[in-house]
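Below is one structure; the comments refer to it alone.
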Amino acid sequence: MDIKKGIYIAVFVLFLCPCLGSAGDIVHRDDNAPTRPGCENNFVLVKVATWVDGVEDIEYVGVGARFGRTLESQEKHANRTKLVLADPPDCCSAPKNKLTGEAILVYRGNCGFTTKANIADEAGATAILIINNRTELFKMVCEANETDVDIGIPALMLPQDAGATLENFIKNSSSVSVQLYSPQRPLVDVAEVFLWLMAVGTILLASYWSAWTAREAAIEQDKLLKDGSEEYLNMEGVGSSGIMDINTTSAILFVVIASCFLVMLYKLMSFWFIEVLVVLFCIGGVEGLQTCLVALLSCFRWFQHATESFVKVPFFGAVSYLTLAVCPFCITFSVIWAVFRRISFAWIGQDILGIALMITVLQIVRVPNLKVGTILLSCAFLYDIFWVFVSKWLFHESVMIVVARGDRSGEDGIPMLLKIPRMFDPWGGYSVIGFGDIILPGLLVAFSLRFDWLSKRNLRSGYFLWAMSAYGLGLLITYVALNLMDGHGQPALLYIVPFILGTLLTLAKKRGELKILWTRGEPERPCPHIEHQLS
């Protein structure tokens, strides 16, 4: 099956989100919000465990205020407290109901946040839960002219729907208790280790497949060279079937096209648009999984006949019997994932389809020399920084991170990501990495191994080991930065690109081979005309 066009379309779709992140931000540092003694807390997410008439109920999530006492980080140290409604509901004046250590649920509005908290503190409440007037969470800060910010109880805001649910329980004469705590994420989660192994392993497999294909093509050319130069020249003109070399123009255009797609995703982000991306991902996943399975099965002699026998299929041309055999399985696998992608373990199917697609892309799309690879990664480097960091100034939020998370779509992120659940994180969620963070550096890593094999070098004297190590180290530094930034999404290419380009350019310069790698991209081969004259 001719997969070139399908993969080529998929390449531009999957490159949209080269951003690495964890499950989400727990600590929200805000340098713009005013701080002073008594009003200098970080904005932290807070777990609100609830019990209704003694039976454990839904756990909600709120956000802590800039002021007030900080919350316990461990559930076992957090007290379980009865929750009551404020009277008056806005708590802008002393409550009419007597408080004896309860937590108080109040409405937002009519007076300042610190005013409400001070009144609740003086009335004997142990915590104040303020219901927002929207479903989103809001950062509660101190006003610039406020002086009474010595508040001895924790204050947090609940989204409107959570507050309304708790209010209805209390109004229906149910006894409601809450437990407030803000657990910290582990410094390193095992999900990040597995994600690192998956990214490195994907590039490793794709590089060896690409190098093996290039070496087989070179051996075939050598055979034709010995038999006669005319056949060799004819083959050279045709080129390798199904292989697409990136040129300088397409490397530069990548930034423009990818940026247009990213803005389109950002502006049109909705449930239906995510459905379109799921369909595109499934098409690419079927192509990738089918290509990988056919290549794997063809290594066994039992499938040799099916691999070498072809049948003509309308619209697809000549298709091997083995491809026809595995195609229904690939389609079924992709459809099952799409239908059940919201269940807890659907990430396994997404990662299988994603890895197969990326390996296929790295086998089909190639960087011909170090010059094109440098231009491509440099453009991707600037693209990554702009849409993760600089876009905040233009759109008031990071476009890349918003798209990767699938905000405003009702879905748990776009499908063009590798994701693994955070196994030992009390907040749950996923660690993710965009396809672009694997494919773009992988193109240059695969190029280095092809060069090594064609020039018959071992790992020590070649470039692949250095390029692969540079990628692994760059990705590792990305995870370190991710954890130091409390889970804020990081542009992985910001760290990976300098490691890979710096390593390859420095090593090539030191060995005196920069010119060959920069322009030719492969070792010199004997000229067929000279060979013919000598024979």
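Any Cβ shown, glycine's included, is placed from N, Cα and C.
Summarising the annotation, TrEMBL assigns domain 'PA' to 82-166.
The signal peptide feature in TrEMBL is assigned to 1-23.
Long-range contacts of the transmembrane segment (193-211) within its own chain (CB-CB distance under 8 A, at least 6 residues past either end) are made by residues 295, 351, 355, 358-359, 362-363, 366, 418, 420, 431-433, 437-438, 441-442, 445-446, 448-450, 452-453, 464, 468, 471-472, 475-476, 479. The transmembrane segment annotation in TrEMBL covers 193-211 (among others).
Here TrEMBL flags 251-272 (among others) as transmembrane segment.
Summarising the annotation, TrEMBL assigns transmembrane segment to 278-303 (among others).
What TrEMBL records for 315-339 (among others) is transmembrane segment.
Taken from TrEMBL, the feature transmembrane segment applies to 345-365 (among others).
Taking Cβ pairs closer than 8 Å, the transmembrane segment (372-390) reaches residues 18-19, 246-248, 251-252, 254-255, 258-259, 262, 398-401, 436, 440-441, 443-444, 447, 489-494, 497-498, 500-501, 505 in its own chain, all 6 or more past its ends. Per TrEMBL, the feature transmembrane segment maps to 372-390 (among others).
For the transmembrane segment (427-451), the list of distant contacts is 11, 14-24, 26, 45, 183, 185, 189, 191-192, 195, 199, 202-203, 206-208, 210-211, 214-215, 246, 347, 354, 357-358, 361-362, 365-370, 373, 376-377, 380, 384, 404, 412-413, 416-421, 462-464, 466-468, 471, 474-475, 492-493, 496-497, 500-501, 504, 517, 521-523: same-chain residues at least six beyond its ends, Cβ to Cβ under 8 Å. The transmembrane segment feature in TrEMBL is assigned to 427-451 (among others).
Under the heading transmembrane segment, TrEMBL lists 463-482 (among others). Under 8 Å from some Cβ of the transmembrane segment (463-482) lie the Cβ atoms of residues 20-22, 188, 192, 196, 199-200, 203-204, 207, 437, 441-442, 444-445, 448-449, 451-452, 488-490, 492, 494-500, 502-504, 507-508, 517, all in the same chain and six or more residues away from its ends.
As annotated by TrEMBL, transmembrane segment applies to 488-508 (among others).
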PLDDT averaged over every residue in the domain 'PA' (82-166): 89
Contacting positions for the transmembrane segment (315-339) when only residues 6+ beyond its ends and CB under 8 Å are counted: 1-2, 278-279, 282, 285-286, 289-290, 293-294, 297-298, 303, 305-309, 346, 349-350, 352-353
